[in-house]
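Reading through the structure tokens given below for one structure.
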Amino acid sequence: MTVCSFFVEKERRVKANARDYNDKFSYADNRIKTSKYNIFTFLPINLFEQFQRVANAYFLVLLILQVIPEISSLSWFTTIVPLVLVLVITAVKDATDDYFRHKSDQQVNNRQSQVLIRGRYKWMNVRVGDIIKLENNQFVAADILLLCSSEPYGLCYIETAELDGLETRFSFHCSCSEDWCYMNLLSVFFPCLSGEVICEPPNNKLDKFTGTLYWRDNKYPLDNEKMLLRGCVLRNTEWCFGIVIFAGLQTKLMQNCGRTKFKRTSIDKLMNTLVLWIFAFLICMGVILAIGNTIWENWIGRNFEVFLPWDEFQSSAVFSGFLTFWSYIIILNTVVPISLYVSVEVLRLGHSFFINWDRKMYYSQMDTAAEARTTTLNEELGQVEFIFSDKTGTLTQNIMVFSKCSINGQTYVTFLTSTFPQKTACVDFSFNPLCDRRFKFYDCSLVEAIKLEDPAVQEFFRLLALCHTVMPEEKRHLVYQAQSPDEGALVTAARNFGFVFRARTPETVTLCEMGRAVTYQLLAILDFNNVRKRMSVIVRNPQGQIKLYSKGADTIIFERLDPSSDDLMCTTSEHLSEFAGEGLRTLALAYKDLDEDYFEVWMKKLLFASTVIENREDQLADLYEEIEQGMKLLGATAIEDKLQEGVPETIACLSLADIKIWVLTGDKLETAMNIGYSCNMLRDDMNEVFVISGHTLLEVQQQLSVHDAGWKCYTVMLPSVASTGGWCYRKVVICLTGVLHVSALQAHALEPQLEPILLDLACLCKTVICCRVTPMQKAQVVELVKRHKKAVTLAIGDGANDVSMIKTAHIGVGISGQEGMQAVLASDYSFAQFRYLQRLLLVHGRWSYFRMCNFLGYFFYKNFAFTLVHFWYGFFCGFSAQTVYDQWFITLFNIVYTSLPVLAMGLFDQDVNDQNSLRYPSLYKPGQQNLLFNKRQFFLCTLQGMATSFLLFFIPYGAFSLMVKEDGSHFSDQQAFAVTIATSLVIVVSVQIGLDTHYWTAVNHFFIWGSLTVYFAILFAMQSDGIFGIFPSNFPYIGTARNCLSEKSVWLVILLTTVVCVVPGLVVSFLRVDLFPTLTDKQSRRKQGPQEQNLRRVRRTSSRRSAYAFSHQQGYGELITSGKNMRMSTVSSARSPGRTPHSSNWIENMLKRKNEVSCVSFESKGSPEEQQESNTDSKTTTLRLTD
């Protein structure tokens, strides 16, 4: 069946190793493209984008008018040269940005991949239907169907952090069928392998896939566990083979990335509006002057027709007025000069370089500097109201550290505190040759308790070594494969205290306890899920005793304790409150001795319940509940989810700047809330939580609408969106949580009817945490705020799962982290640490906004002052469209005479330095409220410019009508009048920019005084005898400057004009500081230091728990007891002789895996340094031990 590419794809058909067949469907190749242009589309698309600026289109129309000689009194080059310059500069900048996008695309597209038949291919040449081979630690090239792997039962382990943002380390995936993998593995190595896959069309659902594999007259059902998605990394699997199902832009990763959008700042949009206003004002002035010309021609002009005859085409006074209208449109067009846009681009480029050069945003450990990947959004950084942040890898390092524990009512710590100061030596673990030397511990009492064989302490660490789903692997070293970083930290702690987890089979767990190898029979694993919030194991020790070990959320464990543990529970609860107050992830540990007879009866019930069809999960849950009653408390653990440096302080500082921070993460509620407490986004006064469990649209709508009169705390539970935060003025927390379910989210939380309610509720919070959201849902949440709140949004993340929201937000920030470079490549700004966001916004963003606003206000002021002189002059020149100034002065005023001082102010000006910008975050608020440049400020600037133009014209006009030269003659020539006004204008605007400058540098002095010097040098040069002799028609003002400026009375007029123009604005500025001070004025008056306690990390002392800490997935317990994830040699060695493993010799030779159980003796020869070697993977914590 052939499907044309222009039809909507309803199903996908893929044949293995059949490119000719697959090409008929026009499937996308594996090439990705994040760039906007190519060599053919760059010019038309870029010009189209540039002419979306109203000003560019406006100047294009003016250029057309200027080439009409009947209406133009200015040369066309005065407009075309600046316009072409602006278009070229902007095009070069856009081309440079897009070149780097092309370059990054090529780096990805040129990665090497092994195609089964054709050998090594670049990623971009991989096609749908190709069978490719992946090796350990390689990125998955496309969305592939797993066929087989080096692991038993076709399992493979992948890391999905870059794809979905979960902090879970590994996810296991299995091939299509055990028979397919084991009985037909050799078929993979033959090019004649055939098979057809029929599956769903490309979509963005990360958690869903349905299809069927047809091979050798057999059908194999396919689901999401059979798929390896692009963006994942193969881990702890030597190799695997898979068939490409979706490639390139049709992969689920790219489907979630969204389109690259053309971003413009709010100031750009405002300037478009202002240009329209100015154009309307320009038309009004042209109409007034045209009407004046018509009236003047009718009443006065007819009297001069003898020596001022009309042109042949000028038939009437009305037509003369029509021509005059267009002439004045051209003359007065400099109210919005094209140089404004050139200057804006130069300023933005300079601000971008300041970000790139900021050494305080350089991260030396990764040799990574901050980078402004775009130059068009800098001032927008000073107006951010909402920050949308990823969690894993952005706020956290995804590194867990065993920090504290409580054992039998006694607390122990593993890091420096006031009790153990910095000078305290680390505990010597040399007695344990299996210890991990990266593990730092300062409380010697726990080590002494281990050496004294304290029963409670030994049982505590025995539980940690037994109750988990970690997999050991022994090659040259012992490697722990933990599916969650929490489990790795706990098992590592047990290892350091002498209880080393060495090996497991489906029926046994082997520990090395204080140098002795001990094997426990694994009888059952009571697996974790989100409802139970705990996991348990039942084991039989070598003495024949049956024990149940359990760990989980403290509230869950405490409800199931034996009454004999009540006193210990109270003590442990106090310790847990202390741990939780420090933002640590807490777990409670308990055990139970089981009677043999009771366990046999319970086991029979378990086997029966595991085989029933109806209500199997409920019956299993009841049995788990039954056996987990009456446990005895051992203690509690506290794990630190290590935040990036400076995260709490950064969030506290941004909150003081009235920036609302929303965290959007794929992790579950407990994990996200725990980070919320660690970051001080959640506080003690957010402690009452009510759960709303609506699952239908009506229920969710009703429950969202419930707002108590007392503004109590709520936890709103939705099927798939989560948020947590506090009201700005009331101490309230709102949590929304649920499971990862795209259709449920679209049907409930983001349903159009619920959007206003959800947004109103969330915007009352200072902090919002959205849990279990997909990459596309992140973008939908950002779009929701953009659409309804009209506020500037910023999205920050470090993984491919964050690309969609980074592209959707007004500003996208990528962190160069451990999850690849996808977020950086899609971002507008990038750096290495979250804490640099504080400096990016409060310093660079605020400065850029402040400078741009002052620049625009001054620019409009000086150009209205410059241009409107022509308007006043029109009433005295018969409305003849004659210019006041020399044509060269009009051309050079904005390009030469006044360009550099305003650029210096726009580049270097600052009202406060960077230290005070960070010390007083409230100074950021004017940008959010758009106070520094808005329509009102524009009106005031233009009003000042109009008043200045009025004074610039009428003061010299009145003076010249009365003033005489030193020789007694009158100033009767228009040229001297023009030079006087021009000189006054240059001096007035230079003095005004000096008064407007807050921070003087050598560059400011050089540019201001240098511009004045250049003005007089050019003025005298262009009106000299020499230049007139060379170009008599182009420089008619011969000797005017020399004759005019040699008169003292002219300088008195210039001085009077300057004083009268400048003093009123100076008086208004002084009065404003006293009567209407800004935040900057108030802070500059403040003598006392800032309230730095607001920035300190708040310690939680409430009884609120961090809940179950694990970023854990359900299903690993069943996987372990089935033996499917065990190495073949281990499984077979552990089985009884009568049982034959599901394997064969050739498979064992192929896998080449051995996992011999051994225990290093404490009396082994050699130093501990010689016996131990550690290796930490960049993304997974792997513990290695030399054999």
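All positions are counted from 1 along the displayed chain.
Even glycines carry a Cβ here, placed using N, Cα and C.
Computed from a predicted structure; not experimentally measured.
Listed in TrEMBL:
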DOMAIN    14-80  domain 'P-type ATPase N-terminal'
TRANSMEM  74-92  transmembrane segment
TRANSMEM  274-296  transmembrane segment
TRANSMEM  316-342  transmembrane segment
BINDING   ASP390, THR392, ASP798, ASP802  Mg(2+) binding site
BINDING   ASP390, LYS391, THR392, GLU487, PHE528, LYS551, ARG585, THR665, GLY666, ASP667, ARG772, LYS778, ASN801, ASP802  ATP binding site
TRANSMEM  855-876  transmembrane segment
TRANSMEM  888-908  transmembrane segment
TRANSMEM  938-964  transmembrane segment
TRANSMEM  976-995  transmembrane segment
TRANSMEM  1007-1031  transmembrane segment
TRANSMEM  1051-1073  transmembrane segment
REGION    1082-1105  region 'Disordered'
REGION    1159-1187  region 'Disordered'
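Beyond its flanks by at least six residues, the transmembrane segment (1007-1031) meets 886, 888, 892, 896-901, 903-904, 979, 982-983, 986-987, 990, 993-994, 1037-1042 of its own chain at Cβ-Cβ distances under 8 Å. Same-chain residues lying 6 or more positions outside the transmembrane segment (888-908) and placing a CB less than 8 Å from one of its CB atoms are 74, 78, 82, 334, 337, 339-340, 343, 346-347, 350-351, 851-852, 854-855, 858-859, 862-863, 866, 978, 982, 985-986, 989-990, 993, 996-997, 999, 1001, 1003-1004, 1007-1008, 1010-1011, 1014-1015, 1018, 1022, 1035. Sequence-remote contacts of a segment are chain residues at least 6 beyond its ends whose Cβ falls under 8 Å from one of its Cβ atoms, and for the transmembrane segment (938-964) they are 274, 856-858, 860-869, 871-873, 876, 884, 970-971, 976-977, 980-981, 984-985, 988, 1049, 1053, 1056-1057, 1060-1061, 1064-1065. Of all the binding-site residues given, namely PHE528, ARG585, GLY666, ARG772, ASN801, those whose Cα is no farther than the 10 Å limit from the Cα of ASP390 (Mg(2+) binding site) are GLY666, ASN801. Cβ crowding, taken as the number of other Cβ atoms within 10 Å, peaks at THR392 among the binding-site residues THR392, GLY666, ARG772. Tertiary proximity for the transmembrane segment (274-296) is limited to same-chain residues at least six positions away from its ends with a CB under 8 Å from its CB atoms, namely 54-55, 58, 317-318, 320-322, 324-326, 328-329, 332-333, 335-336, 871, 874-875, 878-881, 935, 938. Around ASN801 (ATP binding site), taking its Cβ as the centre, 34 other Cβ atoms fall within 10 Å, counting all chains. Within 10 Å (C-alpha to C-alpha) of ARG772 (ATP binding site) lies none of the binding-site residues THR392, ASP798, ASP802. THR392 (Mg(2+) binding site) has its Cα within 10 Å of the Cα of these binding-site residues: GLY666, taken from PHE528, ARG585, GLY666, ASN801. Just so you know, of the binding-site residues ASP390, PHE528, ARG585, ASP798, ASP802, the Cβ with the fewest other Cβ atoms around it within 10 Å is the one at PHE528. The average pLDDT computed over the domain 'P-type ATPase N-terminal' (14-80) stands at 81. Note on the domain 'P-type ATPase N-terminal' (14-80): DSSP counts are 31 helix, 2 strand, 34 coil. Cα spacing between ARG585 (ATP binding site) and ASP798 (Mg(2+) binding site): 23 Å, rounded to the nearest whole number.
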